[in-house]
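Over in TrEMBL, the protein carries these features:
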type	residues	note
ACT_SITE	25	active site, proton acceptor
ACT_SITE	76	active site, charge relay system
ACT_SITE	118	active site, charge relay system
BINDING	16, 29, 31	Zn(2+) binding site
Ligand SMILES: [Zn+2]
């Protein structure tokens, strides 16, 4: 079936440490996280800001994590203090957290893929099952 795929990319800067990690990642340090969010759908929807069914999902609902931590995003915060305790602050779990929060903000039926990078040469992906 034909479908639309939106992709948006943004960065945020935050501090974190990996609990009980025996090595440098266990000490507080920072990253410029790069995030890509893909939203796929075979139908279009209205959004909070537009009453007409003309978009897969509002780009604003895909880019919330870029906002300052005091405004509900992840920028310039300590991820260990922002993420609920069931999420560790590995790139894997940051991707899952962004996925989980974004999923609640996009219309039902929109498939998501979230990629997170802490460094220029490594990425993690978390996505909906295609089956
Ligand atoms: Zn790190």
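Quick reminder: no glycine exception, Cβ is built from N, Cα and C everywhere.
All TrEMBL annotations are machine predictions without curation.
Same-chain residues that are not part of 16, 29, 31 yet have a Cβ within 8 Å of the Cβ center of the Zn(2+) site turn out to be 14, 15, 17, 25, 28, 30, 79, 89, 118. For residue 25 (active site, proton acceptor), the same-chain residues lying six or more positions away in sequence with a CB closer than 8 A to its CB are 17, 18.
Of all Cβ atoms in the protein chains displayed, 12 besides its own lie within 10 Å of the Cβ of residue 29 (Zn(2+) binding site). If you measure from the Cα atom of residue 29 (Zn(2+) binding site) to that of residue 118 (active site, charge relay system), you get 11 Å. Ranked by how many other Cβ atoms sit within 10 Å of their Cβ, the recorded positions 16, 76 place 76 at the bottom.
The residue listed as 'active site, proton acceptor' falls within a helix when secondary structure is assigned with DSSP.
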